[in-house]
Amino acid sequence: MNVVVVDNYDSFTYNLVEYLSAQPRDDHAPDVTVLKNTASLAAVRAADPDAVVISPGPGHPDTPRDVGVTTDVLRAVSPRVPTLGVCLGMEAAVHEYGGTVGRAAEPMHGKTTPVSHDETGIFADIQQDFPAARYHSLVCTSIPSCFAVTATTRDGSLPMAIRHRDHPLACVQFHPESVLTGVGHDVIGNFLDAAAAH
(Lines of atoms letter the chains of each structure in order from A and count residues from 1; the text may use other names and numbers.)
(Lines give C-alpha, C1' and ligand atoms only; values in the text may rest on other atoms or scores of the structure.)
Protein backbone atom coordinates (compact mmCIF):
# COMPACT_ATOMS: atom_id res chain seq x y z
CA MET A 1 0.00 0.00 0.00
CA ASN A 2 1.32 3.42 -0.98
CA VAL A 3 0.48 6.20 1.48
CA VAL A 4 1.26 9.85 0.82
CA VAL A 5 1.52 12.16 3.81
CA VAL A 6 1.07 15.83 2.95
CA ASP A 7 3.29 17.60 5.48
CA ASN A 8 1.97 20.97 6.61
CA TYR A 9 5.24 21.63 8.44
CA ASP A 10 4.18 20.15 11.76
CA SER A 11 6.33 18.54 14.43
CA PHE A 12 3.84 15.65 14.61
CA THR A 13 4.17 14.67 10.95
CA TYR A 14 6.78 12.00 11.55
CA ASN A 15 4.76 10.57 14.43
CA LEU A 16 2.05 9.98 11.82
CA VAL A 17 4.62 8.33 9.56
CA GLU A 18 5.69 6.03 12.42
CA TYR A 19 2.09 5.11 13.22
CA LEU A 20 1.37 4.36 9.56
CA SER A 21 4.57 2.34 9.16
CA ALA A 22 3.72 0.25 12.23
CA GLN A 23 0.52 -1.04 10.59
CA PRO A 24 1.47 -3.87 8.20
CA ARG A 25 -1.11 -5.15 5.73
CA ASP A 26 -0.51 -8.58 4.15
CA ASP A 27 2.81 -8.80 6.02
CA HIS A 28 4.07 -5.58 4.43
CA ALA A 29 4.32 -2.19 6.08
CA PRO A 30 2.82 0.61 4.00
CA ASP A 31 5.24 2.50 1.78
CA VAL A 32 4.97 6.04 3.14
CA THR A 33 6.03 9.04 1.07
CA VAL A 34 6.16 12.44 2.75
CA LEU A 35 5.59 15.45 0.51
CA LYS A 36 5.80 19.00 1.84
CA ASN A 37 2.73 21.10 1.18
CA THR A 38 4.84 23.08 -1.29
CA ALA A 39 4.78 20.05 -3.62
CA SER A 40 2.65 20.15 -6.74
CA LEU A 41 -0.57 18.25 -7.26
CA ALA A 42 1.26 16.43 -10.06
CA ALA A 43 3.85 15.21 -7.53
CA VAL A 44 1.09 13.85 -5.29
CA ARG A 45 -0.52 12.06 -8.21
CA ALA A 46 2.86 10.73 -9.41
CA ALA A 47 3.29 8.98 -6.05
CA ASP A 48 0.21 6.92 -7.01
CA PRO A 49 -1.23 6.83 -3.49
CA ASP A 50 -3.65 4.20 -2.26
CA ALA A 51 -4.28 6.51 0.70
CA VAL A 52 -3.46 10.09 1.67
CA VAL A 53 -2.95 11.59 5.12
CA ILE A 54 -3.03 15.37 5.52
CA SER A 55 -0.93 16.35 8.50
CA PRO A 56 -1.52 18.92 11.20
CA GLY A 57 0.26 22.23 10.92
CA PRO A 58 0.36 25.83 12.07
CA GLY A 59 -1.68 28.58 10.50
CA HIS A 60 -5.19 28.95 9.13
CA PRO A 61 -6.82 27.04 6.25
CA ASP A 62 -7.83 30.27 4.50
CA THR A 63 -4.16 31.22 4.11
CA PRO A 64 -2.78 29.52 0.97
CA ARG A 65 0.83 29.43 2.18
CA ASP A 66 -0.27 27.61 5.35
CA VAL A 67 -1.96 24.75 3.50
CA GLY A 68 -0.27 24.72 0.09
CA VAL A 69 -1.23 21.72 -2.03
CA THR A 70 -3.62 20.48 0.69
CA THR A 71 -6.61 22.24 -0.87
CA ASP A 72 -5.86 20.81 -4.33
CA VAL A 73 -5.54 17.33 -2.83
CA LEU A 74 -8.88 17.68 -1.04
CA ARG A 75 -10.62 18.65 -4.28
CA ALA A 76 -8.79 16.54 -6.87
CA VAL A 77 -7.55 13.43 -5.04
CA SER A 78 -9.75 12.85 -1.98
CA PRO A 79 -12.96 12.21 -3.96
CA ARG A 80 -11.44 8.90 -5.13
CA VAL A 81 -8.45 8.14 -2.86
CA PRO A 82 -9.13 7.43 0.84
CA THR A 83 -7.92 10.44 2.80
CA LEU A 84 -7.46 11.17 6.49
CA GLY A 85 -7.13 14.80 7.57
CA VAL A 86 -5.62 15.50 10.99
CA CYS A 87 -6.20 18.78 12.86
CA LEU A 88 -5.32 21.39 10.19
CA GLY A 89 -6.28 18.65 7.72
CA MET A 90 -9.82 18.69 9.13
CA GLU A 91 -9.95 22.48 9.27
CA ALA A 92 -8.77 22.67 5.65
CA ALA A 93 -11.43 20.18 4.53
CA VAL A 94 -14.19 22.11 6.29
CA HIS A 95 -12.96 25.38 4.80
CA GLU A 96 -12.49 23.95 1.30
CA TYR A 97 -15.99 22.49 1.20
CA GLY A 98 -17.68 25.70 2.37
CA GLY A 99 -17.69 25.59 6.17
CA THR A 100 -16.15 28.04 8.59
CA VAL A 101 -13.17 27.85 10.92
CA GLY A 102 -12.70 30.26 13.81
CA ARG A 103 -10.72 30.82 16.95
CA ALA A 104 -11.37 28.49 19.85
CA ALA A 105 -12.71 30.06 23.03
CA GLU A 106 -9.90 28.25 24.81
CA PRO A 107 -6.78 27.10 22.93
CA MET A 108 -5.97 23.46 23.59
CA HIS A 109 -2.30 22.52 23.57
CA GLY A 110 -1.27 19.18 24.99
CA LYS A 111 -4.59 18.60 26.74
CA THR A 112 -6.85 15.57 26.52
CA THR A 113 -10.61 15.55 26.08
CA PRO A 114 -12.99 12.59 26.20
CA VAL A 115 -14.40 11.98 22.71
CA SER A 116 -17.76 10.40 21.91
CA HIS A 117 -18.19 8.88 18.45
CA ASP A 118 -20.49 6.95 16.11
CA GLU A 119 -18.58 3.63 16.36
CA THR A 120 -18.22 3.34 12.58
CA GLY A 121 -15.45 3.90 10.04
CA ILE A 122 -12.26 5.03 11.75
CA PHE A 123 -14.02 4.56 15.11
CA ALA A 124 -15.05 0.92 14.61
CA ASP A 125 -14.39 -1.17 17.75
CA ILE A 126 -13.04 1.85 19.65
CA GLN A 127 -14.15 2.63 23.19
CA GLN A 128 -16.48 5.54 23.83
CA ASP A 129 -15.13 8.63 25.60
CA PHE A 130 -11.53 7.76 24.82
CA PRO A 131 -8.98 10.43 25.78
CA ALA A 132 -7.94 12.41 22.71
CA ALA A 133 -4.93 14.71 22.53
CA ARG A 134 -5.72 18.22 21.35
CA TYR A 135 -3.25 20.78 20.06
CA HIS A 136 -5.23 23.53 18.36
CA SER A 137 -6.39 27.11 18.70
CA LEU A 138 -8.85 26.89 15.79
CA VAL A 139 -12.18 25.06 15.70
CA CYS A 140 -14.65 24.22 12.96
CA THR A 141 -17.57 26.53 13.68
CA SER A 142 -19.87 25.34 10.90
CA ILE A 143 -19.69 21.99 9.13
CA PRO A 144 -20.79 21.77 5.47
CA SER A 145 -23.79 19.52 4.82
CA CYS A 146 -21.62 17.20 2.70
CA PHE A 147 -20.00 16.01 5.95
CA ALA A 148 -21.44 13.93 8.78
CA VAL A 149 -20.11 14.71 12.25
CA THR A 150 -18.82 11.38 13.55
CA ALA A 151 -17.28 12.43 16.86
CA THR A 152 -17.63 15.27 19.34
CA THR A 153 -16.36 16.33 22.71
CA ARG A 154 -18.29 14.39 25.35
CA ASP A 155 -20.69 17.31 25.92
CA GLY A 156 -21.37 17.49 22.17
CA SER A 157 -20.23 21.10 21.91
CA LEU A 158 -17.34 20.69 19.45
CA PRO A 159 -16.91 18.44 16.40
CA MET A 160 -13.90 16.18 16.82
CA ALA A 161 -14.30 14.17 13.60
CA ILE A 162 -16.20 14.29 10.32
CA ARG A 163 -16.73 12.00 7.34
CA HIS A 164 -17.67 13.07 3.82
CA ARG A 165 -21.03 11.65 2.79
CA ASP A 166 -19.91 10.73 -0.75
CA HIS A 167 -16.10 10.65 -0.79
CA PRO A 168 -13.66 8.39 1.13
CA LEU A 169 -12.58 11.37 3.24
CA ALA A 170 -12.47 11.32 7.05
CA CYS A 171 -10.97 13.95 9.32
CA VAL A 172 -10.18 14.34 12.99
CA GLN A 173 -9.56 17.49 15.03
CA PHE A 174 -7.56 15.59 17.65
CA HIS A 175 -4.13 14.01 17.20
CA PRO A 176 -4.28 10.20 16.90
CA GLU A 177 -0.48 10.18 16.57
CA SER A 178 0.05 11.61 20.07
CA VAL A 179 0.85 9.25 22.93
CA LEU A 180 -1.87 11.08 24.87
CA THR A 181 -4.47 9.53 22.55
CA GLY A 182 -4.73 5.99 23.85
CA VAL A 183 -6.48 4.59 20.76
CA GLY A 184 -4.39 6.38 18.13
CA HIS A 185 -2.95 3.23 16.56
CA ASP A 186 -6.46 1.80 16.30
CA VAL A 187 -7.81 4.90 14.54
CA ILE A 188 -4.93 4.80 12.05
CA GLY A 189 -5.41 1.05 11.61
CA ASN A 190 -9.12 1.48 10.87
CA PHE A 191 -8.28 4.12 8.28
CA LEU A 192 -5.77 1.82 6.57
CA ASP A 193 -8.26 -1.07 6.65
CA ALA A 194 -10.84 1.12 4.93
CA ALA A 195 -8.26 2.27 2.38
CA ALA A 196 -7.24 -1.33 1.63
CA ALA A 197 -10.88 -2.29 1.11
CA HIS A 198 -11.66 0.72 -1.11
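Any Cβ shown, glycine's included, is placed from N, Cα and C.
Features of the protein shown, as given by Swiss-Prot:
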ACT_SITE  C87  active site, nucleophile
ACT_SITE  H175  active site, for GATase activity
ACT_SITE  E177  active site, for GATase activity
BINDING   G57, P58, G59, S137, L138  L-glutamine binding site
DOMAIN    2-198  domain 'Glutamine amidotransferase type-1'
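Structure with Swiss-Prot features highlighted.
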residue	record	DSSP class
G57	L-glutamine binding site	coil
C87	active site, nucleophile	coil
S137	L-glutamine binding site	strand
H175	active site, for GATase activity	coil
Within 10 angstroms of the residue listed as 'active site, nucleophile', Cα basis - recorded positions out of G59, L138, E177: L138
E177 (active site, for GATase activity): tally of other CB atoms within 10 A of its CB: 26
Lowest local Cβ density (other Cβ within 10 Å) among binding-site residues: G57, P58, G59: P58
Additional residues around L-glutamine, ordered along the sequence, whose Cβ is within 8 Å of the centroid of G57, P58, G59, S137, L138: P56, H60, D66, C87, L88, E91, H136
Pairwise C-alpha maximum, in angstrom, for the residues (G57, P58, G59, S137, L138) that bind L-glutamine according to the record: 11
Recorded positions listed as C87, L138, least Cβ neighbours within 10 Å: L138
Which of S137, H175, all recorded positions, has a Cβ with the fewest other Cβ atoms inside 10 Å: S137
Pairwise CA distance, G57 (L-glutamine binding site) versus H175 (active site, for GATase activity), rounded so that it is a whole Å: 11
Taken over the domain 'Glutamine amidotransferase type-1' (2-198), the model's mean pLDDT: 95
